[in-house]
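Peer 1: One structure is given below, represented as structure tokens, and several questions about it will come after.
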Amino acid sequence: MKILFALFLLALTASSAYAQCKFVILVTTGDKDDAGTDARISLSVSSANGKELVIKSLKPWGQKGHNNFEKGHTDTFKGSGKCLPSKPCRMLLESNGKGNKPGWFVDKVTFIQIEQKKLSQKEKTFNVNRWLARDESSGTLFVVVDDCAK
């Protein structure tokens, strides 16, 4: 019976390993002609073990009434969700390619995870420095930055 109770406590501890965290995401649009976009932007960030945070649209995480993703600007997005167990190392950033000026030049994305219970913070900057546009050199609407092997 004591063994079952110990296993129960172990399982309970493991299930709470992914506590709730607050996230701050800083997205910097490049300072090139027509770099800004009105497209819907989604973001997935994951740790080396594959656990991930998926945000289907950054807009609800942003400042209400603010025009995001404009040339040369850094926009701040805030939200909450399950904590990643370790420092993030992989990012998928995607545009839906719609709206006025769907092409977008992304400079970088900084992801900050704040776990209040442990008073800890994990931060990672993903350098992108490329277009997410069908009519630019990349020809794609997404970018994957994978630094997990580093």
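Using N, Cα and C of the backbone, Cβ positions are placed for all residues, glycine too.
TrEMBL entries are annotated by machine, without manual review.
Residues or ranges marked as domain 'PLAT' in TrEMBL: 21-146. Under the heading signal peptide, TrEMBL lists 1-19.
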Peer 1: As a quick check of your reading of DSSP, tell me how many residues in the domain 'PLAT' (21-146) are helical, how many are strand and how many are coil.
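Peer 2: Helix/strand/coil tally for the domain 'PLAT' (21-146): 3 helix, 67 strand, 56 coil.
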Peer 1: Check the domain 'PLAT' (21-146) for me and report the mean pLDDT.
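Peer 2: Average per-residue pLDDT within the domain 'PLAT' (21-146): 94.
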